[in-house]
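Taking it in order: structure first as structure tokens, then the write-up.
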């Protein structure tokens, strides 16, 4: 199974890429994590956030591999515990279907992206920088995989 993080944003601070890679490279091939970056919409004086989100959404959805399960990261989604992430990861691995995690840009995801998703995942009730979300997702996927495989990285009480 492959997990794709398809995210709006390029040329982010180096620490974001390093943080993401730290966790992505720890995962084995049977649960690989790949990042696909989408250029943000051009934000000019004549544009509007709704137009920018729609443009980014079209390009995000165009990057989704066929027959993938799509989960959109959105503050209005469901909050999952670490154990719930592990449970879902196990289901995804059993199904053998690739999974896509969508991350919007600074203005979030357009309604079409949310409608096309099979699920909405809220990482926090806080508003998080979209670059930081990449690192959090990679760490949580690695933590869930560690939990499923009884690796000492995850220390539950």
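Glycine is no exception: its Cβ is also placed from the backbone N, Cα and C atoms.
Feature annotation from Swiss-Prot assigns S-adenosyl-L-methionine binding site to 104, 123, 124, 125, 126, 127, 128; the stated evidence is sequence analysis.
Here the features listed in Swiss-Prot are painted onto the structure.
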residue	record	Cβ contacts under 8 Å, 6 or more apart
104	S-adenosyl-L-methionine binding site	8, 53, 56, 57, 60, 72, 73, 74, 110, 113, 130
123	S-adenosyl-L-methionine binding site	73, 79, 133, 136, 137, 140
124	S-adenosyl-L-methionine binding site	75, 79
125	S-adenosyl-L-methionine binding site	75, 79
126	S-adenosyl-L-methionine binding site	none
127	S-adenosyl-L-methionine binding site	75
128	S-adenosyl-L-methionine binding site	136
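Secondary structure from DSSP puts residue 125 (S-adenosyl-L-methionine binding site) in coil. The maximal spread of the S-adenosyl-L-methionine binding site, taken as the longest Cα to Cα distance among 104, 123, 124, 125, 126, 127, 128, is 16 Å.
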